[in-house]
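The FMN binding site feature in Swiss-Prot is assigned to 72-77, 119-122, 155-164; the stated evidence is sequence analysis. Feature annotation from Swiss-Prot assigns FAD binding site to T327, L361, R395, L396, Y397, S398, T413, V414, A415, G428, G429, A430, S431, Y607. The NADP(+) binding site annotation in Swiss-Prot covers S527, R528, K533, I534, Y535, V536, Q537, D569 and rests on sequence analysis. Positions annotated as domain 'Flavodoxin-like' by Swiss-Prot, on the basis of sequence analysis: 66-204. The domain 'FAD-binding FR-type' feature in Swiss-Prot is assigned to 239-456; the stated evidence is sequence analysis.
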Amino acid sequence: MLLKELSSLASPLSQSQVDKLKQLTAELNSVQLAWVSGYLAATANTSGSAIQVAASVTEAQAAQTVTILYGSQTGNGRGIAKALAEKAKTQGYSVNLASMGEYNVRQLKQETLLLLVVSTHGEGEAPDDAIELHKFLATKRAPQLNNLHYSVLALGDSSYEFFCQTGKDFDARLSALGAKALLPLVECDVDYEAAAGQWHADVLTAVKPLIQTTANVVALNEINSTSAQVASESEFTKQNPYRAEVLVSQKITGRDSDRDVRHVEIDLGESGLHYEVGDALGVWFSNSEILVGEILAGLGLAADAKVTVGSESISLKQALIDKKELTQLYPGLVKAWAELSASSELLALSEDKEQLRQFILNHQFVDLVTNYKLPAEANLDANKLLELLRPLTPRLYSIASSQTEVDTEVHLTVALVEDEHQGQTRFGGASHFLASAQEGAEVKVYVEPNKHFRLPENPDTPVIMIGPGTGVAPFRAFMQERVAQGAKGDSWLFFGNPHFEQDFLYQTEWQQYLKNGDLTRIDVAFSRDQAHKIYVQHRIKEQGQALWQWLQNGAHLYICGDAERMAKDVHQALLAVAVEFGGLSSEAAEEYFETLRSHKRYQKDVY
């Protein structure tokens, strides 16, 4: 309908609004008008996806649009994708940027330029927001993509067996469907920044011959979750963390417990940092001076030797304390050390994937230094040592508080990683740092949003929370938030740990929630308080009929904790409940929980 006719019809717009609309549209060209119409349509339909926002641009300028999709359990993939989109925008490209979870898979056959950033979760699994697209590409419904040029940047951790597996899957499947790779697959380890930056440059160079730039019609379209928007507004990020103050680091396991679990409270002060329940806190830490001293002594290197890290000139000791990863091994380092030490034992071990995986889980760099001495001809000096070690990376902790309850504080539940090996005690880097922190100590932090672990929008929706050990942390935050909301929905907690008397984390809080009626029920499993071990998965099966009824009544289901064993065992228990009490086949049970996941009713925060 023509704008000049608006005022003469029964329009919901006032005359002033019509005049403003006329003034705006008079200044726009046809492509810009298409973009505005798509934007307004998406605004009117808030349930729409990021691709709906960009639909008009895609139709008007399909051959000139670069689509950038990201799939990531944390914010790393989104950060890389967004930085690429900004660079493409400055070069005059029209860009559609979206999470894979918000992308309409039916749009794929219309794409001509597609750039993917995707991480691998768990044991070779796609992250939550990439699952649908990942599965779609593996089905017969996936279209031929002969007109598509693409590139994939895969994020992973070489400490795990299925390194960058999801990225490999996307690359292989797109190629099989006829798409043409702009570049070979780029695989990034945890120190991904340099490789990602190089990919940005390379892929934009590769795109250039295929696209005509039109700087005046650039469109960068993205719909972000609320948490991502809030977090991005803060000046404090992973690269620029806030220097916060430790208020409390208190042991909350008993004196006779085999585990040292700390309740840590941190003051965010005037930082303006905001978090939602379900988010994580990124913690930068310093390695132990004792550990660094042991490494330097074992290598015969001077602590005060001057080295350059980035643009900074510091002592070798300080570089090892603040800049390099010392407490987590990875395959590349073990293999490099095997060659330097010429150890036949270590060389053989590095060629056996399973043995190497177990070795990495149970050793630190100092164990290589101590047990596999370097010959003089290895000639390892300070600079070569730093080249061997990858950069220190922050650790993520599920936040155990709600800002509606604690205001400018953030609470964590931290298990001290502590292992005895050959008569030596080895500590985890971040957990030891936080456990040792005194009141008033400085800690560098930032908020890592996790849109895949969110309470239901309706506070009257029932929730089932499964969190053994420190996996209970986000559920403490959930309960604080639900109480503040005045939630009427039922809530059910499954918790487990070795001993009732020593390891019942936040026991008095849960009892108070029960007494007040905020927590409807709690089922606990203390594995070593009886002859036979009982875990949360056993309690789930025991309460299967009630749990199934809760799910039929619309309950949202949450799991937090260990991904290696617990999450898998709990999932199997849930499948058994669906089979026994829902009358489903094994295949139908899997489909049932997949449907719950796709509707955000089955969410995991596992590590």
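Cβ atoms here come from the backbone N, Cα and C positions, even for glycine.
Keep in mind it's a predicted model, so treat the numbers as computed, not measured.
The secondary structure of Q537 (NADP(+) binding site), as reduced to three states from DSSP, is helical.
Non-local neighbourhood of Y397 (FAD binding site): A280, L281, V283, L412, T413, V414, A430, A473, each in the same chain, at least six residues away, with C-beta under 8 Å from its C-beta. Separation of the C-alpha atoms of D157 (FMN binding site) and I534 (NADP(+) binding site): 32 Å, rounded to the nearest whole number. Residues in the domain 'Flavodoxin-like' (66-204) partition by DSSP class (helix H, G, I; strand E, B; coil) as 58 helix, 33 strand, 48 coil. The most densely surrounded of the binding-site residues I534, V536, judged by C-beta neighbours within 10 angstroms, is V536. A C-beta separation below 8 Å, combined with a sequence spacing of at least six in one chain, links R528 (NADP(+) binding site) to P498, H499. The sparsest Cβ neighbourhood within 10 Å, among the listed binding-site residues (S119, T327, S431, S527, Q537), is found at S527. Here the domain 'FAD-binding FR-type' (239-456) returns a mean pLDDT of 95 for the predicted model. Looking only at Cα atoms, K533 (NADP(+) binding site) sits nearest to G122 among the binding-site residues S72, G122, Y160, T327, G429. Nearest in space to Q537 (NADP(+) binding site), taking C-alpha to C-alpha distance over the binding-site residues G75, G122, Y160, F163, S431, is G122.
A distance of 26 Å separates the Cα atom of Y535 (NADP(+) binding site) from that of Y160 (FMN binding site).
Annotation: no binding-site residues among S72, S119, R395, G429 have CA atoms within 10 angstroms of the CA of D569 (NADP(+) binding site).
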